[in-house]
């Protein structure tokens, strides 16, 4: 007969918040690219340090470094969902109640991840085509008369002061 695996209790909100705060403290090691200073052994030691801190704060349940790492990825996923829902709700029109605030865990995860990994922000060298169209339209329009020109009499104003027609050849001959 197979041995039944004993499950650990679920992570509490406080344990998740502490985990997110500890990952934020160690994010240079945990989220850094591999290189001379960031190694897989260094990352493993960081997760073990985080698990020791969590076990010291919550001694009833013993968590391993692997448990903490797995829970971190679950927290990331849930926080990304919560952040995207918050952005979607806050951009709605039509009034109504304001969007719910992010939970402490989601806010801490957002600090660790940064803005670029939470949503699509566009290409860094991309061009906003709608803005380009607006600028082109603005350049095509004639300039608006200045405030000083509007105080003159209407007879002295030309419809487009900067584009006044040049005198014709016949007008020049009369002078």
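The backbone N, Cα and C atoms fix where each Cβ goes, and this holds for glycine too.
Listed in TrEMBL:
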COMPBIAS  148-160  compositional bias 'Polar residues'
COMPBIAS  161-175  compositional bias 'Low complexity'
DOMAIN    3-76  domain 'Myb-like'
REGION    82-101  region 'Disordered'
REGION    133-175  region 'Disordered'
Number of helical, extended and coil residues in the domain 'Myb-like' (3-76), per DSSP: 47 helix, 0 strand, 27 coil
DSSP helix/strand/coil residue counts for the region 'Disordered' (82-101): 9 helix, 0 strand, 11 coil
